[in-house]
């Protein structure tokens, strides 16, 4: 159990951000009928929304972006719903439960990428793009190579996330509902395909909004009940937690989870720039009507997420007090029933009884569905819009493109289910770290420099992007997580767990060097086109709005 918790602590920063990979062995719980009934209510309601959305999806624009008619407030809630995962809720509260103050550092660390998105990316992305971030990256560069690179970066990130999500979903549902792992994986896969296949972005958006509201309500109620228990005094909360925790006052000391400054910096950069390169997050900015609404989306999303991560800190300390000190929630060996990831779930039972426990369990499942739906749509659009319609079959009709997108949804769903079953007993937490590293090292540098650096050329973007992607993958394989823990070697060739510091540096240097040394006529033409792109990115002139978006 100690080794499982150590692995969780090491991999949680990435896992908690967007994947629901619950690492290590799980203990199957008795069938929770309250949770199953509440979850069925959620499923019926969201399938009703999907049916409603399917009647309104008439074009490619409706399918990919909900017609561009989502408001900034709605999109902010949907982004929060896409970003706040079950592992954010269960994982960070478990981290606070075991390590105290360090959990707050990690939970707030997930917000550091959002100012970059707010100030540098959101408005220009919305003004330049239509459906995917590849629209922006290829605006003045060579369409074919850039779209292939962007689509590959997106698909690798989506695939890694989906596997982690499916395995995490199976284990989590086994924990919370007492359902069989394979049934859980198939259920998530089928529902995910139904949401995206029939409802497109409109259904996905409303599933994410509903999930965000339910999660924020549930976490708020738990935090309120914890604070009520201590007379709404943080001093009492921390004092009581220190009094019952095995580590005592040490739970208030920071710095126990990252081994050295290089690891801390690499982790921070990966979180910060990886967030700004996630395809399913970037895609959400095309669902609003203009750049102003895109900016408002980030403002609202950051507020909702900041509030949520503060709540997880209170929930974690509440669990120390009300769960950790209560033998009712321990097994014969003195360990928490179901493992430390169940700390928040046990707290739900402690503060709200069996009915609220069922509600929180259902919300955790709803959370997974909202995240995988967004991932699937991002992956499908990369194939149908970036590869099929703009590379392999230029001039394809909307109907053909939508057909390819829906076929891709089915293929992604089936692959996700199969891999979820195959990876049942594997350590998949590294996949989330790798996905973040690739988003930070391949997607983010190309998006940023295509919008801000006038001297960028196709050659530089291609060389730097591929170098960043390959470096992230190779260093992750040679690092301690895969080389030692999974492959069983005695010592890692690359000593750090997080490769982002090195792979991001390689990507930016590669883009700069190969662009600066590009003296071709094509490169000169691409540099000249920057001024027109800059004007469009600032003014939005030429951007179709509303349903014509």
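Yeah, the Cβs are placed from backbone N, Cα and C, and that goes for glycine too.
The topological domain 'Periplasmic' annotation in Swiss-Prot covers 1-32, 99-102, 169-182, 235-260, 326-358, 485-493. Feature annotation from Swiss-Prot assigns transmembrane segment to 33-55, 76-98, 103-125, 146-168, 183-205, 212-234, 261-283, 303-325, 359-381, 402-424, 462-484, 494-516 (among others); the stated evidence is sequence analysis. The feature topological domain 'Cytoplasmic' is assigned by Swiss-Prot to 56-75, 126-145, 206-211, 284-302, 382-401, 451-461, 517-549.
Take the transmembrane segment (494-516) and the stretches 76-98, 183-205, 212-234, 261-283, 402-424: counting Cβ pairs under 8 Å, 261-283 has the most.
Within its own chain, the topological domain 'Periplasmic' (99-102) has Cβ neighbours under 8 Å at 9, 241, 245, 247, 250-257, 316-317, 320, counting only residues six or more beyond its boundaries. Contact count against the transmembrane segment (402-424) (Cβ pairs under 8 Å) is highest for 183-205, out of 33-55, 76-98, 183-205, 359-381, 462-484. Ranked by number of Cβ pairs under 8 Å to the transmembrane segment (359-381), the listed stretches 33-55, 76-98, 212-234, 261-283, 462-484 are led by 33-55.
Residues 43, 46-47, 49-51, 53-54, 56-57, 62-67, 70, 74-75, 78, 165-167, 169-170, 172-174, 177, 283, 287, 368-370, 372-374, 376-377, 380, 406, 409-410, 413-414, 416-417, 420-421 of the same chain lie 6 or more positions beyond the ends of the transmembrane segment (183-205) yet place their CB under 8 Å from a CB of it.
Counting only same-chain residues 6+ beyond the ends of the topological domain 'Cytoplasmic' (284-302), those with a CB under 8 A from a CB of the stretch are 64-66, 68-73, 75-80, 82-83, 111, 114-115, 117-118, 122-127, 129-132, 201, 205, 374, 540, 543, 545-546, 549. For the topological domain 'Cytoplasmic' (126-145), the list of distant contacts is 60, 64-65, 151, 154, 279, 282-283, 285-286, 288, 290-291, 293-294, 378, 381-382, 385-386, 390-391, 443, 446-447, 450-451, 456-458, 461-462, 522, 526, 529-530, 532-533, 536-540, 543, 549: same-chain residues at least six beyond its ends, Cβ to Cβ under 8 Å. With DSSP states grouped into helix (H, G, I), strand (E, B) and coil, the topological domain 'Cytoplasmic' (206-211) comes out at 6 helix, 0 strand, 0 coil.
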